[in-house]
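The ATP binding site annotation in Swiss-Prot covers G108, A109, H110, G111, K112, T113, S114, and the record cites sequence analysis as its basis.
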Amino acid sequence: MTVYHFVGIKGTGMSSLAQILHDMKHTVQGSDYEKRFFTQTALEKRNISILPFDKSNVKEGQVIIAGNAFPDTHEEIVAAKELNIPVHRYHHFLGDLMNQYTSVAVTGAHGKTSTTGLLAHVMQGAHPTSYLIGDGTGHGVENSKYFVFEACEYRRHFLSYNPDYAIMTNIDFDHPDYFTDINDVFSAFQEMALQVKKGIIACGDDEELQKIQAKVPVIFYGFGEDNDFQARNIQKRTDGTIFDVFVRNTYYDTFKITGYGNHSVLNALAVIALCHYENVDVEAVKHQLTTFEGVKRRFNEKPMGEQVIIDDYAHHPTEINATIEAARQKHPEREIVAVFQPHTFSRTEKFLDEFAESLSKADQVYLCDIFGSARENKGELTIEDLQKRIDGAELITDTTTDVLKKHKNGVLIFMGAGDIQKFEAAYVKEVQVAEK
């Protein structure tokens with residue numbers, strides 16, 4: 001019996017892939033740091049063993065899948081090579097796996113995870129679909145027709161894939177620790193486009209995506225009249241969004257989604273276009289769009305007394321704009337309070353003015369200290385450099401969250417890609433203790 005051993009199983013992509021293989025009746029285990037990470041809940045539900053790193057975890061007869069964060073000098077990878085066991089890097093293994101299905105890669109600087117989750121949910125309503133989402137969610141179906149997965153542009157990892165279809169949500173400059181500028185990012189997406197086998201669904205409102213060249217048809221979607229799939233007559237309501245879809249200027253149908261903000265309409269439009277191209281029944285699409293409950297760490301909302309708390313992964317100015325816009329649509333009468341933890345010194349420094357501009361759209365801003373990534377843990381920049389660019393912004397720590405209580409009817413948006421949830425948890429605990 002083959003055992004799939006994951007080196008770094010708590011990584012978001014690795015966790016998802018482990019779940020998929022387990023659901024397909026393979027034996028799966030993995031190792032990682034002992035610190036708890038949100039992805040391990042799904043692994044524990046499936047009784048997938050999570051071991052501390054140790055070279056003795058590696059045994060003959062296993063298939064070793066290694067996370068991208070772990071170098072060839074890692075003790076388990078060294079042990080595998082000593083035993084002549086092939087080591088598969090995560091993105092290469094995934095690239096091979098998807099070839100068994102009609103595969104759809106979802107990529108873009110922003111909106112990947114939400115769009116992947118929405119597409120997987122909609123496709124499941126019509127056909128057996130396996131999926132891998134970048135929030136640590138994976139699901140495998142043995143007789144799948146489709147394989148839907150999130151494909152990340154960082155370090156050009158998505159070039160390991162040759163999908164049947166690609167949805168491209170946007171091109172924007174991010175990951176300044178790797179990409180040099182927007183042209184460098186575009187070149188990565190252009191190279192990816194040439195590897196797609198059947199068709200590309202791209203946002204035509206994005207100036208960079210308009211320049212994409214491909215060997216397959218490129219279907220454009222968006223709000224602009226030049227798009228193949230266009231959203232019109234948009235009704236932004238507190239219970240979701242309704243819009244008409246026109247295909248090449250001919251009315252197609254009316255759709256309702258549970259999401260808020262223009263970005264949610266665009267994500268849905270991409271899914272509608274892909275489903276139209278694959279002849280998925282439109283009634284199934286309409287139904288599934290109304291039952292989508294979202295993905296982890298993307299506008300996850302919960303009431304707490306008179307306040308509303310939202311947890312969101314937004315860590316780029318474009319994403320912060322979208323999250324605040326969505327909150328205002330759903331809660332037009334409430335005060336919007338942003339609690340933001342910048343992620344990486346390089347990104348914060350590169351987009352300092354843009355962060356200030358986007359955060360200023362909230363009614364009040366609280367800033368947590370900068371979260372350094374594993375690749376960098378110090379920088380000359382400080383959180384005060386951002387604070388002084390935002391009128392009235394205050395600094396906050398996980399021991400001073402009680403200041404948030406004064407926003408009696410507020411929507412508190414905890415945003416960031418680091419450990420911002422630590423601050424949210426501290427505040428929830430503070431409120432619960434005060435209520436006793």
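Just so you know, glycine gets a Cβ as well, placed from its N, Cα and C.
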Does G111 (ATP binding site) have same-chain partners at least 6 apart in sequence with Cβ under 8 Å from its own Cβ, and which are they? T169, N170, H263, L266, N267
Restricting to the same chain and to sequence separations of six or more, state which residues have a Cβ under 8 Å from that of A109 (ATP binding site). E153, T169, N170, I171, D172, F173, D174, V185, H316, T318
Around the ATP site recorded as G108, A109, H110, G111, K112, T113, S114, what other same-chain residues have a C-beta within 8 angstroms of the site's C-beta center? V106, T115, T169, N170, N267
Other than its own, how many Cβ atoms are within 10 Å of the Cβ belonging to S114 (ATP binding site)? 27
Looking at the binding-site residues H110, K112, which sits with the largest number of other Cβ atoms within 10 Å of its Cβ? K112
Taking DSSP three-state, what's T113 (ATP binding site) in: helix, strand or coil? helix
Are there residues of the same chain, six or more positions away from G108 (ATP binding site), whose CB falls under 8 angstroms from its CB, and which are they? T115, E153, I167, M168, T169, N170, I171, C203
